[in-house]
Amino acid sequence: MDTMRWIKAVIPWLMLGCTPQQVTHSPSLDINRLNQAKHHSVLPIPEPEPANLSLARLGWQLFQDPRLSSNNAISCATCHELHHYGAQSSMVSTGVNGLGERNSPTVFNSSLNPMQFWDGRAFNLHTQIDGPVHNPVEMDSNWPDIVIKLQQDSELKSQFQRLYSDGITEANIKHAIDYFESQLLTPNSRFDQFLKGEIRLSSDELQGWQQFQDIGCINCHQGVNFGGNLYQSFGLTHRIDAKNNDSGLYSVSKDPRDNHVFRVPSLRNIAETAPYFHDGSIAGLSDAVELMAISQLGVTLTSNQRHNLTQFLHTLTAPKPKILEELQ
């Protein structure tokens with residue numbers, strides 16, 4: 001089955017359940033109610049497997065290597081800023097040929113997502129790498145040219161030969177980057193510790209978690225990554241005037257029903273990855289929460305609800321991946 005046939009086959013069930021739920025009672029902090037998480041497969045981020053440090057280091061170096069771009073100026077880390085929790089700190093990405101139209105999503109925990117990019121056109125990190133490399137707005141390059149450039153680096157060539165019998169190839173470059181990215185997991189957030197029964201959350205945080213479920217946020221932002229595994233229309237109940245006319249999944253599928261449909265982003269570390277949305281149009285987390293409630297759920301939040309939801313989202317922040325410390 002080709003990519004677009006697969007996408008069209010899965011979109012109907014990937015979008016099921018992402019509808020508003022009316023709040024019919026006051027929030028309760030009863031522990032059984034809080035444990036509703038298990039019904040949405042909300043689980044702690046797993047610890048990464050022990051790393052092959054030599055392979056991780058090679059992938060880390062390649063991730064930061066601007067020679068992957070045609071002008072030797074743009075690397076993966078240019079848009080996926082490791083100091084900014086793997087996300088884009090500016091509104092949209094800057095590539096070889098100027099500004100793009102989208103804000104680069106975080107690469108942290110991205111190995112847990114069943115599809116990549118805002119339009120979900122790649123189904124794993126290995127195939128995702130081709131996107132920015134070939135995109136004329138991003139790296140504007142090709143693998144034969146990249147291989148030739150890297151083969152001229154004797155030290156890098158030796159690193160590859162120690163790990164791969166056939167040395168520097170397209171497949172091996174992608175494998176090393178993929179391996180490094182798979183190590184970028186962020187376990188042990190305060191919410192994960194709460195799920196494991198190790199700590200208590202504050203009253204505001206608990207009420208925020210309760211409201212996250214009652215209002216309906218959890219219908220789309222669920223799973224171990226609190227999102228990243230569903231498609232949804234941007235502006236489901238109220239149309240949003242975006243800064244650009246990004247058609248989302250339609251640009252890939254050409255199906256009119258997919259216009260303005262995007263992959264639901266992960267909320268892991270969301271307090272650290274501003275600006276928000278596919279176009280980077282919202283700078284503040286509280287403002288993003290308010291807009292999502294209106295546009296996706298048809299709910300106008302009270303100031304108290306906004307506060308509690310924002311406090312809860314802060315509990316999803318975890319320490320940066322351990323591998324980054326080990327590679328310094």
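Glycine residues also receive a Cβ, built from the backbone N, Cα and C atoms like all the rest.
TrEMBL annotations: computationally assigned, not manually curated.
Counting only residues at least six positions away in the same chain, the Cβ atoms of Leu62, Phe63, Gln64, Leu68, Val107, Pro132, Ile177 sit under 8 Å from the Cβ of Cys76 (heme c 1 binding site). Secondary structure at Cys76 (heme c 1 binding site), as computed by DSSP, is helix. According to TrEMBL, the heme c 1 binding site annotation covers Cys76, Cys79, His80.
Cβ contacts within 10 Å of Met292 (heme c 2 binding site), excluding its own Cβ and spanning all protein chains shown: 23. The feature heme c 2 binding site is assigned by TrEMBL to Cys217, Cys220, His221, Met292.
The domain 'Cytochrome c' annotation in TrEMBL covers 54-184 (among others).
Note on the domain 'Cytochrome c' (203-317): mean pLDDT across this stretch is 91. Residues annotated as domain 'Cytochrome c' in TrEMBL: 203-317 (among others).
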Other C-beta atoms that fall within 10 angstroms of the C-beta of Cys79 (heme c 1 binding site): 25
Sparsest-packed among the binding-site residues, when each Cβ's other Cβ atoms within 10 Å are tallied, from His80, His221: His80
The domain 'Cytochrome c' (54-184) - residue tally per DSSP class, helix then strand then coil: 64 helix, 8 strand, 59 coil
Residue counts (helix, strand, coil, in that order) that DSSP gives for the domain 'Cytochrome c' (203-317): 51 helix, 9 strand, 55 coil
Length of the line joining the Cα atoms of His80 (heme c 1 binding site) and Cys217 (heme c 2 binding site), in Å: 26
